[in-house]
Every structure is written in structure tokens, then in C-alpha cells.
Amino acid sequence: MTKNVAQLMGDLESIGRDPLRGGYSRPGFGTHELTLLEWFVAEAESRGLDIERDRNGITWAWWDLPETATGSAADSGDKPNRAHAIATGSHLDSVPGGGAFDGPLGVASALASLDQLQEQERNGTLRRTRPLVIAVFPEEEGSRFGVACLGSRLITGAISPQRALALTDRDGSSFADAARAVGLNPEHMGADPARLSGLDAFLELHVEQGKFLGKDPLGPAVAVASSILGHGRWRFSFAGQGNHAGTTLMADRHDPMIAAAAFVVAVRDEVSAESGARGTVGRLEPIPGGTNVVASRVDVWLDVRHPDDVVTAGLVERLHHRATALADAEGCTVTMSEESMTGTVNFDGGLARGLLNSVERVAPGTQLLPSGAGHDAGILASVIPTGMIFTRNPTGISHAPEEYVEDADAQHGVDALTLALADLLTEELQN
Ligand code: GLV
Ligand code: MN
Ligand code: MN
């Protein structure tokens, strides 16, 4: 049975609701992400796709070539030839209290596009030269283990398995344990160039996370990505003297919370002075975190983004100096550690132009749009031609419950993805 994208998104409506903020909390390798993954597998299997879970926890759903495909990668043996595949997909995990669309829209749109493409193949208007595979990446947000795009970083070798496996979540569980709990073997994780070499392109449809398309409700509902802003995460640990809230005079304190609070303001000031930069402290943890306890330590997570990676490095260095001075002033200390850094990614120009041409046919006036948000597509771009399509979000808000997509715009996104995939899937093979 085929479903449109709104129906597919509707299937997910009740899964992983966040009781505190609203929206959804679906951390990587957690129950809700896994429930969504089970839904995806059932939907993909009902469309005749063959499911593989790779050694890094990425799920691949294959729409192999029909036996009759000519001049193509089709194979007469038992095993389908999966070379020269076109991949599409996204992720199913979310930030804490995130929107419904960041990730799942790309997966639901891929399934809805598949319905359209399968119908075209049945009625003879689509003659593929390549297989299609829908990929679902785990822990894209890094909201559980701290490093975003963990699946795509592992498969491309952008993170070593040793480092990834040692990451821990807020409860102290390691990524190795979480991987084992879902049936993966940590010893087998790591770069998988053989799998990636079978992919000729990856295309990710994603909800737009800024305000560009929403400004003109009558304009095109979709855009094509030009680039992803360089971004990184750093942890600052301010340490002081834990103590009693009642017996410790103000003058006697070495309170790391004061240094941390001043640092948050310093981030706002320092980053605002750097044109094009963004800096965020979205997470701060006092140890131990008691109302009547002067904290012993406060951990502060900093997210910094700028198109020029050298500017980002300079900004972070200045912030490190500011943190040291602020800690000194309170008789505290601070240590900084880099948790991740991904340079600015410019997407493959040829693929982006091809996407614009394809998408123009359903969305005249479609434009190229830089992304301020990170994506698995940005990690994969270092090894395969990669592109992205954005679907309008009228609120311009993301990583929050107010993120939104109208059903009609979601359908435009699917139609654009179908055209783009059809063009890629029917391209002559070059070898
Ligand atoms: C992920 O969406 C990010 O940009 O942090
Ligand atoms: Mn996303
Ligand atoms: Mn996100």
C-alpha cells in the first residue's frame, strides 16, 4: 500500500513525545529511535526493499534493479549487483524536545518518492540504470553521545572507532554498550570504504531550519543546498571548591557557577562581534547540582559555527582565554576539550546544478541555499558526490517543537526528490 508523505509522518506522531518541552526526544540508539527504525523497516519491506544493517548501525534498504534492466548494473546471478547505487535518506533521532521533521521528513519523503518511482517503473516511464538505496543514519544529532553524525563519521573514517566507542551518555553508558545492546559488534565498527565505493551519489531531503523559504509563502517550497557551515563543539569544565550554601560567606567562595555564568555572557559578546559567527551554550551541568550546594564543577558545552574554519579556531582560542580569566577571577580553574570540529562543506557543484535543473520542474525559481545546520550529507560529501534538498518550514524555527512543514510543501519536496532521483537513477553508466 502506498502512502503520501503526510500519512507517513502521521505514523510517527505519537512516538517519543517530550513531556517537558513538547516536541520529540528520540536519542540515538534509544527506544524511540529504534521504534521509528522498526517502522521504517516495515514500510521499506512492504515496498519490496531488501534491508541490511551495516556494522556501524546504518540501515540500508535496497530497491534493486529489475532483472530486465539493460545496459545497467543488473546481474543475472542470485545476488543483485549493487554497484553504482544512488542513495537517499536521513536520520530518525532528535535533539531533546526537537521538532517532528528534522530527520524523519527526509526518511518519510524517501519512502513517498520510492512509491512514485516504483509506479513509474511499473508503467514503463522510468528505466533505471542504477539501484536505489534508502539509508537511515543513527545518532545524527549527537544528543546522546555528544558527537553529531556518529554513523556517517564511522563509515567514512571521520572518527576512529576507538574514540566513538569510548563516548558516554549522560548516564555514563558507553557508545560501545549502546551498540552492543542493539545487536552491533563494536569490534567490527569503523571505516567501510567498500560500501561507500558502491554509491555514486547521496541525496538528503531535509526540513529547512532557517527562515529563507518561509519569507515568501508564494515562492518555491524547496531549495537546493550549496554548503554547510563549519561547526564544532567544545566542553569547558570550570572547577572550584564545592561547599555549603548557608555557611560559606560570599567572599570565601570559589564558585565555578559564577565563572560559568560569566562565560556564557562572554560567548554572546565575543561571538556577536565576529561577523557571520554563531555561538551557543545550550547545555550546562553543575556537579553535583543541588539548590543548597556550591558546585564543585560546572561543565559547559559550546557550539561555534562560522564559514571560515580559521575564524572559528581564532574565536574558540579567544573564548578559551576569556574562560581562563573568568575562572581565575573566582579562584577556579578551567579546562577546554574539543569534542568535534567539522569544516565548512561546499557541496559538489555539478550535482547541485543538476539538482537545481531537476527541481526547477516542480518548483520554478528554486535557489541555492547555504545550511547553517549540520547533516550526515556534509560528512559523506568528503567521499561521494552529495546534495541536499530543503523543504520550506514557515516558522523558520528548528530544534524546537515549533518546527513545521505544511502537507502541501512536504508533497512538493517529495515531487522534487522524485525528479532528482529519477534523473540520477537513469543516468548512463560511465565505465
Ligand atoms: C544538527 O542539526 C546541528 O546542526 O547541530
Ligand atoms: Mn537533521
Ligand atoms: Mn538537527
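Each residue, glycine too, has its Cβ placed from N, Cα and C.
Site annotation (TrEMBL, ligand Zn(2+) 2) includes E141, H399; from D102, D177, D348, the additional listed residue is D102.
Just one of H188, H206, H231 is listed by TrEMBL for the same Zn(2+) 1 site as H91, D102, and that one is H206. The C-beta environment of R233 (allantoate binding site), restricted to residues of the same chain at least 6 apart in sequence and closer than 8 Å, consists of G142, G146, V147, A148, W301, L302, D303, E338, E339, S340, M341. Taking the centroid of the Cβ atoms of D102, E141, H399 as the Zn(2+) 2 site, the other same-chain residues with Cβ within 8 Å of it are S94, V95, G98, G99, G103, E140, S143, Q209, A373, S398. Neighbouring residues of the recorded Zn(2+) 1 site, listed in sequence order and excluding H91, D102, H206, comprise S90, F101, G103, P104, L105, G106, E140, E204, V207, H375 (Cβ within 8 Å of the Cβ centroid).
The shortest Cα-Cα distance from R305 (allantoate binding site) to any of the binding-site residues (H91, D102, H206, H399) is found for H399. Listed binding-site residues: H91, H206, R305, H399; maximum Cβ neighbour count within 10 Å falls on H91. Over all protein chains present, the Cβ of N292 (allantoate binding site) has 7 other Cβ atoms lying within 10 Å.
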